[in-house]
Amino acid sequence: HLKQEAANMMKKIELLEAAKRKFLGEGLGSGSIEELQRIEQQLERSLINVRARKLQVFMEQIQQLKEKEKALIDENARLSEEHGIHLQLPTKDQNETQPQYCAESSPSSDVETELFIGLPDTRTRRLSHQV
């Protein structure tokens, strides 16, 4: 009885391996048009299932990221309030992804905005000639 069961299992394994090879595109030379169409339809159904699962995973990830974003925004607001920083969140029309910080009591600072292309020592020589 065990020998027959083992033989049946071996036969099933061989059939599964043959089907797997056909799904991988191997050994299709002897297949009829009907068999090739059946394999193609099965592959299309499988692809639909894979894409549906992938979409579901993406949607779950988007939901998790939205929840994480909300938690981070809440934490950011709490920390900003603790440290006396006024947050100006960007509107949806803006392409910025980070909030803009405006310190309530910080004076404006002067920043040099001149653009210079060249070696550093030529810049210092040029500046000394202008003075």
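Glycine residues also receive a Cβ, built from the backbone N, Cα and C atoms like all the rest.
TrEMBL labels come from automatic prediction, so no person has curated them.
Remember, it's a predicted structure, so these values are computed and weren't measured experimentally.
According to TrEMBL:
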type     : residues : note
COILED   : 2-82     : coiled coil
COMPBIAS : 96-109   : compositional bias 'Polar residues'
DOMAIN   : 1-93     : domain 'K-box'
REGION   : 83-109   : region 'Disordered'
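For the domain 'K-box' (1-93), the predicted model reports an average pLDDT of 91.
Note: the domain 'K-box' (1-93) comprises 72 helix, 4 strand, 17 coil (DSSP; helix = H, G, I, strand = E, B).
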